[in-house]
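Feature annotations, reproduced from TrEMBL:
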- TYR16, GLY43, LYS110, TYR133, ASN188, ASN293, ARG389: substrate binding site (BINDING)
- 36-406: domain 'Aminotransferase class I/classII large' (DOMAIN)
- TYR73, ALA109, LYS110, TYR133, ASN188, TYR219, SER247, PHE248, SER249, ARG258, ASN293: pyridoxal 5'-phosphate binding site (BINDING)
- LYS250: N6-(pyridoxal phosphate)lysine (MOD_RES)
Amino acid sequence: MSVTINENYLLLQDSYLFVEIARRVEKFQEENPEKEIIRMGIGDVTKPLVPAVVNAFKEAVDEMSKSKSFMGYGPEQGYSFLAEAIIKNDFEPLGIKLGLDEVFISDGAKCDSGNIQEIFSFDNVVAVTDPVYPVYVDTNVMAGRTEGLNEDGTYKGLVYLPATEENNFIPELPKSDVDLLYLCFPNNPTGTTLTHDELAKFVSYAKKNNVIILFDAAYEAFIREDNVPHSIYEIEGAKEVAIEFRSFSKTAGFTGTRCAYTIVPKELKAFDSKGGKQDVNPLWNRRQTTKFNGVSYPVQRAAEAIYSDEGKKQIKENIDYYMKNAKIIRENLSNIGLNVYGGINSPYIWVKTPNNMKSWDFFDLLLNEANVVGTPGAGFGLTGEGYLRLTAFNTTENTKEAMKRIANLSFV
Ligand code: PLP
């Protein structure tokens, strides 16, 4: 008997949020089989892959069926045809130049934003915004960057930067020393964004304090306003301090198809224990080539098709559809006197609960009396208490029906 476990895993809190939502919804449905529930909780897309993507996907599968065009292992970092399309379409129009070896194609922004911390030392201090996409926190707990929980449910050693109504969801710069800083804009769960100037403050802070920003731009495709940066590299000097994560999941309905990418600029450096400066890009390259064997060829061809003229048009139609739902949610909830945030550059709407209700009480009220399912904000962190997240990933008919039902509730 000598095998011992990684005890850091014992420090993790049960991720009971979606399990608990499912339990309550199931119980309600059992007791009220005649009620039609509208689900606006989980952040998964509802529209299928667009035709341009499906055609490219099918053609690539066909290639795999013939010995002449069959593809075996591909480059771990992804095929250059996709990396070239990414650079040309997602960055060059913004005036950002990238080399092919700065683009790492993967099967998800969840894995990349979770794995990235591996290449940094265990004694780095990690800062996250609060509320937060839980992957950033849990992966650092697994890695041993905390000694355990505080009484309030936050982790010792992690630095939390609250984003609330009071600061207009613009987190303050860390007051204590930090090394790695996770930022996600447009934000999950709040749906809010930073302007160029606000993001520039974080970049300049990172430069001054030798901090690396881990910038999650999974919802970039939903940005509508001109003053909101699509990439952190739009900010001068950001290549020296930031890694950026992107995903085709929400952009193009790839949640079940799986494709994403991460940019690790050549300019990015971090210190070794002797105080020397090391390039970060080769470390991520080494990590990926050792632990990852690339995204399947048909999926990368399918992702490439997003950038065709047809693909761009079809994807835009889907995103416009979701954003129309977001507008319906925002307007209807505002009209009945609720404070709502996000939903302008993001498919998420962050609703302040009425009458200072707790997140879970408001969740129950919506479920029981309007048969609408949201996600309690408290599940995303301490400062998520008192909020509820609704998503625009649904049909417009359901969205309108949900708003009608909420408008008839007694708190209105
Ligand atoms: N990053 C954020 C902020 C997300 O909300 C999500 C999914 O919900 C992801 C990353 C995961 O993206 P992927 O499907 O590419 O793993």
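In case you wondered, yes, glycine gets a Cβ from its N, Cα and C as well.
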Considering only the binding-site residues TYR16, ASN293, ARG389, which possess a Cβ situated under 6 angstroms from at least one atom of ligand 1?
none
Give the number of CB atoms, excluding that of TYR133 (substrate binding site) itself, located within 10 Å of its CB.
22
Average the pLDDT scores across the domain 'Aminotransferase class I/classII large' (36-406) and report the rounded value.
97
Specify the secondary structure state of LYS250 (N6-(pyridoxal phosphate)lysine) as given by DSSP, simplified to three classes.
helix
If you draw a 10 Å sphere on the Cβ of LYS110 (substrate binding site), how many other Cβ atoms land inside?
19
Could you check which of the recorded positions TYR73, SER247, SER249, LYS250 is the closest Cα neighbour of ASN293 (substrate binding site)?
TYR73
Secondary structure at TYR133 (substrate binding site), reduced by DSSP to three states:
coil
Return the member of TYR16, GLY43, TYR73, ASN188, ARG389 nearest to LYS250 (N6-(pyridoxal phosphate)lysine) in space, with distance defined Cα to Cα and candidates limited to these binding-site residues.
GLY43
Nearest of the binding-site residues to TYR73 (pyridoxal 5'-phosphate binding site) by CA-CA distance, picking from GLY43, LYS110, ARG389?
LYS110
For ARG389 (substrate binding site), which residues in the same chain are close in space, meaning a Cβ under 8 Å from its Cβ, but six or more apart along the sequence?
GLY41, PRO189, THR190, GLY191, TYR348, ILE349, TRP350, VAL351, GLY374, THR375, GLY377, PHE380
Round to the nearest Å and give the CA-to-CA distance linking LYS110 (substrate binding site) with SER247 (pyridoxal 5'-phosphate binding site).
9
Which residue, of the binding-site residues ASN188, SER247, SER249, ASN293, has its CB surrounded by the fewest other CB atoms within 10 A?
ASN293
